[in-house]
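Trainee: Just dropping this structure here.
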Amino acid sequence: MAAKDVVFGDSARAKMVEGVNILANAVKVTLGPKGRNVVLERSFGGPTVTKDGVSVAKEIELKDKLQNMGAQMVKEVASKTSDNAGDGTTTATVLAQSIVREGMKYVASGMNPMDLKRGIDKAVTAAIEELRKISKPCTTNKEIAQVGAISANSDSSIGDRIAEAMDKVGKEGVITVEDGKSLQDELDVVEGMQFDRGYLSPYFINNPDKQVAVLDNPFVLLHDKKVSNIRDLLPVLEQVAKAGRPLLIIAEDVEGEALATLVVNNIRGILKTVAVKAPGFGDRRKAMLEDIAILTGGQVIAEETGLTLEKATLAELGQAKRIEVGKENTTIIDGAGEAANIEARVKQVRTQIEEATSDYDREKLQERVAKLAGGVAVIKVGAATEVEMKEKKARVEDALHATRAAVEEGIVAGGGVALIRARTAIAGLKGANADQDAGIKIVLRAMEEPLRQIVTNGGEEASVVVAAVAAGQGNYGYNAATGEYVDLVDAGVVDPTKVTRTALQNAASVAGLLLTTDAAVCELPKEDAPMAGGMPGGMGGMGMDM
């Protein structure tokens, strides 16, 4: 095991604080509507230009081990805030830097770091309670668009696109962001349930222009095994033919004579059918088949449930208003399932989301909820160059997270004003001793910092603006984009409550850990061994006269 360097007390803390400041100073220039850009070097291709705090934080790695420890701890604040709320990373970094900077002064003067931390925690709890009180629900399209626009660095077109997408697919619907092919942003909406499996034979196509198979008012047969023998299918095919309606077969696979017979019947116009493979694999496939069954009001024909293909009846088949099957996707529109059953299924999947341990599982379960509850919207981001496309796409994703957070916990006045208003809950707060009181003061001072930074980035005098905003009430604040004092909620300058709350909580948590650090252990820099000496030059005696 390599030897380690152990550094104690102020020496350790001072170096770590240097790291905190390096990272925070690079991140905080991006805050607010007049935030500056940061250019990130790429090992290949052109550099990336961004105003996204977490993207800047992720790039920073410092040479000095102790400085790097401090920087990594604040990086954790940014990424945790991004994971939980999707936005507010720069605000969280600014808050963490302020709490660390103020706290270090008190620690250096001999105060007890543990009591300081208790005071900080007490103040943060009171501030969060106050934020919840002043929060208002975010319900209208206009409010959703405002949140999206602010999060996307005051780009109202992005806010409008997100509000439109949420309106189309509902609050629970899946909204994904992709690269567009034009200069304008576009919105594609897929209503109903879509899964990534297409027709098993191109002979099923009945709309040559769109290269899709369209089934109107079809039955849906769901089976969890392979179908290769047509005799298994005949009884149910005869019943469907009598009913005079088309049929969609979703099974693990349809092959051999079963597929050939379906194709021949389709070409001759005897029975309109389409066969597709079931989506997913393993247990996920079973779950998705069950989802489709509930959505269409049918049953999965599986041996586990005591049902067989030969004995299947029309009562066990699902139904839908319309189904479109393309080469790679199948879309079920307006399934005949009962709303109460669909709701119960959504609730069940949501419980699984809460219990999921991996991000991948959580993402897949959320997709299932969306497919059951609403639909899928795709925002295609348009830009002139690839560099602009990457930057804009990152902003759209941020804005999307922020709007979801706003719908979840409501909104507060933006521009750092909500934190100024939440200070009223702390102003009269008292700790158990003088050191805890100092901890409360640290948070009071830190909660001004986001507003100060927004104003500084806008090129104005921060102290004047902070004093003017603090003297006001409610949503009265400073709009840095226009340089005016207005009612920020009316002006559309709003932040999701969840973002502000998460930023404050995470900043206080990591800053508290830094303040209570008394030793740091890191690897000693490796000393490269000197290179081995070369061979002696020349070969004596060669070419000499004897």
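Glycine is no exception: its Cβ is also placed from the backbone N, Cα and C atoms.
Checked Swiss-Prot, it gives:
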- 30-33, K51, 87-91, G415, 479-481, D495: ATP binding site (BINDING)
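Relative to the rest of the structure, where do these features sit?
Mentor: The Cβ of D495 (ATP binding site) lies under 8 Å from the Cβ of G88, V147, I150, A402, I411, V412, A413, G414, G415, A418, each of these being in the same chain and 6 or more residues away along the sequence.
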Trainee: Return the single residue from the binding-site residues list (T30, T90) that has the minimum number of other CB atoms within 10 Å.
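Mentor: Output over binding-site residues T30, T90: least Cβ neighbours within 10 Å is T30.
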Trainee: Determine, from DSSP, whether D495 (ATP binding site) sits in helix, strand or coil.
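Mentor: Where D495 (ATP binding site) sits, the three-state DSSP reduction gives strand.
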Trainee: Could you list the residues of the same chain, at least six apart in sequence, whose Cβ is under 8 A from the Cβ of G32 (ATP binding site)?
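Mentor: Result: G415, Q453, I454, V455, N457, G458, A480.
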